[in-house]
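Structure first, then comments.
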Amino acid sequence: MRFVDEATITVRAGNGGNGCVSFRREKFVPRGGPDGGDGGDGGSVILRASNRLLSLYDFRLQRNYEAPNGQGGMGSQCHGRKGDDLTVELPVGTQIYEVTEDGETLLCDLSDPETVFVVAQGGRGGKGNEHFKSSTNRAPRFAQKGETGEVRSLRLELKILADAGLLGLPNAGKSTFISKVSAARPKIAAYPFTTLIPNLGVMIDDADPEQRLVIADIPGLIEGAHTGQGLGHRFLKHVERTRFLVHILSVEDVSLDSPDGPWSGFDLINEELVRFDADLGQRVQLQVVNKIDLRDPEDVQALRDRAAADGRTVHFMSALTGEGVEDVVAEMWRMRDELDIHEALVRLRETEEFDEEESDIEVIWVRE
């Protein structure tokens with residue numbers, strides 16, 4: 001599936017139906033008076049967050065969305081039918097901006113599944129001439145026109161909502177890893193910046209197929225990413241919506257003889273994260289050294305010993321041969337489950353604190 005994280009669309013709500021000018025005409029009722037019905041309201045455009053979608057690609061193909069108009073009023077006080085609302089499904093994590101001549105305004109953030117937002121309100125139907133009769137005008141020959149529905153130009157921006165975000169320097173083997181542990185098929189080649197757009201993969205627990213772990217393969221980051229270098233801003237925004245990070249470094253970028261230390265590659269990217277958003281520096285992180293098949297076992301063991309001496313938890317694997325991959329995957333599942341428990345405890349604590357608060361509303365019971 002091609003991943004698209006930005007799109008521009010136009011939404012148009014339906015116009016309200018016009019009120020009707022009509023007079024009652026029946027046998028034995030020579031002066032029946034006005035009986036024009038009201039027009040129906042126009043349909044609204046509603047946005048809904050859906051887990052079924054993972055990209056904004058469809059919105060590059062269809063850019064205009066229009067809800068039906070309301071039906072006009074009819075005689076015998078018959079009201080027009082309301083236009084059906086148009087519901088547009090968007091991926092969870094989509095931010096909606098209204099584009100005007102003065103700039104952009106954030107309207108809503110569809111960060112939770114099934115969140116709905118009325119982005120364009122349908123026009124109200126006009127009133128029929130029966131509403132305008134009076135003591136001085138017993139037979140009004142006019143009715144109210146329906147209101148025009150709202151029209152908005154929107155910019156959609158998707159920030160990936162994933163359990164794990166894969167990040168690291170270019171050519172670290174992130175795409176190879178996600179292709180091994182999921183059904184994702186990203187472009188893989190032996191040169192930097194092979195991945196130019198984020199890729200999504202889903203790991204399914206064999207013991208419980210209902211348990212899934214969504215992985216986002218973030219394109220490689222370089223020094224200066226927080227200032228936009230190497231499309232850094234465009235890639236870093238996706239890191240914000242991940243629950244924990246899997247930081248992958250190629251063994252080619254790890255050297256015991258480096259003056260900055262063997263783990264300088266990890267430190268470089270972490271510094272870019274902090275400069276972009278201080279909260280990202282506190283994100284739970286799993287550090288992995290990949291491509292160990294390119295080094296002798298003795299060299300890899302020396303790196304393991306150095307990590308232990310530095311008090312650093314580093315996993316070693318080869319995504320190409322599969323060595324060490326199972327251990328990394330097991331640790332990812334453990335981190336996800338641990339975060340689930342932590343978030344549940346936080347919600348429980350918030351609920352308990354809320355229950356303990358004294359209400360300043362006095363309730364009086366009345367028996368009828």
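From the backbone N, Cα and C atoms, a Cβ is placed for every residue, glycine too.
The GTP binding site feature in Swiss-Prot is assigned to 168-175, 193-197, 217-220, 290-293, 318-320. Classification of N171 (GTP binding site) by DSSP places it in coil, neither helical nor stranded.
Residues or ranges marked as Mg(2+) binding site by Swiss-Prot on the basis of sequence analysis: S175, T195. Counted within 10 Å of its Cβ, the other Cβ atoms near S175 (Mg(2+) binding site) come to 24, all protein chains included.
Annotated domain 'Obg' per Swiss-Prot: 1-161, in sequence order. Averaged across the domain 'Obg' (1-161), the predicted model reaches a pLDDT of 88.
According to Swiss-Prot, the feature domain 'OBG-type G' maps to 162-337, an assignment based on sequence analysis.
In this structure the alpha carbons, written CA, of S318 (GTP binding site) and S175 (Mg(2+) binding site) are 12 Å apart.
Within the set of binding-site residues (K174, K291), the lowest number of other Cβ atoms found within 10 Å of a Cβ is recorded at K291.
The secondary structure of K291 (GTP binding site), as reduced to three states from DSSP, is coil rather than helix or strand. For the pair G168 (GTP binding site) and S175 (Mg(2+) binding site), the C-alpha distance works out to 11 angstrom.
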